[in-house]
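Below: one structure, written as structure tokens.
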Amino acid sequence: MDVHDIAGTAVAGSPAPVPRARPPRPGKSMLQDVEQIRLAIEMIGLGARLQVLESEVSLPRVRLIRLYKELCGVSPPKGMLPFSTDWFVSWRPNAHASMLLGAYRFMTSRGSLDGIRAVLSSYRMYREQLCATGEASQLSFTRAWTLVRFYERGMLRLARCRDCRGEYVVQADDARHRYVCGLCLPPARAGKGRKPAPAALAG
């Protein structure tokens, strides 16, 4: 056997080269994708609109629509989101908006939560309080999400009632000096409907 035969035998008997692992693709990991799906499911379960999902969940619109259909059995409703701050300062919704915003501030200051997680937790707290009092809900999840956005952007703020000392949602340009809430000084037509949430829950 000559040198060439020995070399050929060595090459033929050598193990096959191990293929190199492919570098991970840039972008989200599988775990991040699963987390976003869980977040979307949680929000859809609370009644979030498609526009809200698109703002908070980093999944393609097509996937969000498909997920919504799978969970709800229908296509997402169309239409614009609430865009006016006036609704939140009207008499009956104001107590509920104030309750929700109080829960949100608690979650961000003492619950170490922020962003959409703080909104989700505060909305659950709001609904739990309503179950305890038997009061009908005035805020959908989309309304609650919009309220928080208005508050964070400085379009709405909280003012303390001089009588009950509770904090209530007011327009950003409303005077807070000697403010009296709608529960302590209800409008004349207020007696024709059901009473809003107790003042103790609004602060």
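Placed from the backbone N, Cα and C atoms, the Cβ positions cover glycine too.
Its own atom aside, the Cβ of Cys181 (Zn(2+) binding site) has 26 Cβ atoms within 10 angstroms in the protein chains shown. The Zn(2+) binding site annotation in Swiss-Prot covers Cys161, Cys164, Cys181, Cys184.
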Subject >> Fewest Cβ neighbours within 10 Å, where candidates are the binding-site residues Cys161, Cys164, Cys184 >> reply: Cys184
**OP:** Give the helix, strand or coil assignment DSSP yields for Cys184 (Zn(2+) binding site).
**Re:** coil
